[in-house]
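Visitor: TrEMBL lists these features:
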ACT_SITE  LYS188  active site, proton acceptor
MOD_RES   LYS188  N6-(pyridoxal phosphate)lysine
Amino acid sequence: MQIPFGQPSLGAREARALMRALRNGRVVGNGVLSLKAQAHLRELTGARHALLTPNATQAFELFLHTGAGAAGGFLGPGDEVILPSFSYVSMANAIAARGATPVFVEIERETLGLDPVAVASAITERTKLVLTVHYGGMACDLDGLLAVCGERGVPIFEDAAQAIGSTLRGQHLGTFGAGACLSFHATKNVTCGEGGALLLDDEGAMRMAEIAHEKGTNRSAFLRGEIDKYTWVGTGGSYVLSDLLAGMLDVQLERTAELNARRLEIWDLYQAGTQWLEDAGSVFRCVPRTGCDHNGHIWWMVAQDQALADRIIDGLRGEGIQATFHYQALHASPFARQHLGTDGLDLPLTTQVSDCIVRLPLSSSMNRKKAETVMRALKKVV
Ligand SMILES: Cc1ncc(COP(=O)(O)O)c(C=O)c1O
């Protein structure tokens, strides 16, 4: 049996949504289907504002146009943004592209999210933003980060790309900081192939984001009938998602609880089925934060050394099971070493996680039977 790492669950409802959008011929962005999906997203997350974007990467770039990403201004040369080195390249790239400096710090072992103690010692008067990741849809130490950043007056941006449907004490991840991004890439729990969203709370930031969303124009106000013509009023980009995809996304958003429940069933099965590996001291695994209801986006374990991680990944592949590694530490990347001077930076946990993490197949298209096959194969290859 071949078990792929992941496969989105797309069916007749998504196909009908696409056909509906095609038939009504309104496939550009910011049309009725986008407005509907945005309303749906606000309802689901409790965020005051939501703007659909072509991906999470651009949602963060859009956020940087609002000025909310830098205490009292826009991000630029001389500014620093603290973020985990164990994270996706998009955010670090957007910071560097603005001439600001990504400052990479250590993660915590339990969730692989940003470590507030490391953040506290990295904050300087140049720190304009702290960017945290809810890895695998699991809440990072938000209380710790909010305390540290609140004290120093530094805004937090939550990379909630993987966190649709995840909550901490009932509050949706992505609604704790100054802004957040969500991803609807095909690998995510809820998908429209490629897609994303920016969540915001502040009215002023939302007004700027609306302008930046539409290439620096007041087209959104025009579409609402508030003005006769639209024109250039700020800086921005082309950050709008097609209504074709927004219609499909709306259907997937309706299915959030179902899609997350399917992942969680597999996540729980893996967690129970690998206890023996942790008891033997061979791996460490996620310890979900108290009060966090997560969405089962990723199931991971970190092997005691790279040889074991490779043996597991290669061995499972030999059994037709696509297990895989994840992010390569950003501070050790060629770009960071060459342009950000990170050569001497020592982040031991990040390095171990980057070298030794193993993710097992997990998606809403999987079933218990396949997950049990994975557990049996794991016993065989370790
Ligand atoms: C934590 C995290 N942030 C951001 C992204 C980028 O998402 P997108 O592909 O929607 O830009 C990813 C992609 O996997 C991710 O895992």
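Residue 1 is the first one shown; counting continues down the chain.
Cβ atoms are placed via backbone N, Cα and C, with glycine included.
No curator has checked TrEMBL annotations; they are predicted automatically.
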Visitor: Please work out the number of neighbouring Cβ atoms within 10 Å of the Cβ of LYS188 (active site, proton acceptor), leaving out its own Cβ.
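Guide: Around LYS188 (active site, proton acceptor), other Cβ atoms within 10 Å: 25.
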Visitor: Using DSSP with the three-state reduction, classify the residue listed as 'active site, proton acceptor' as helix, strand or coil.
Guide: coil
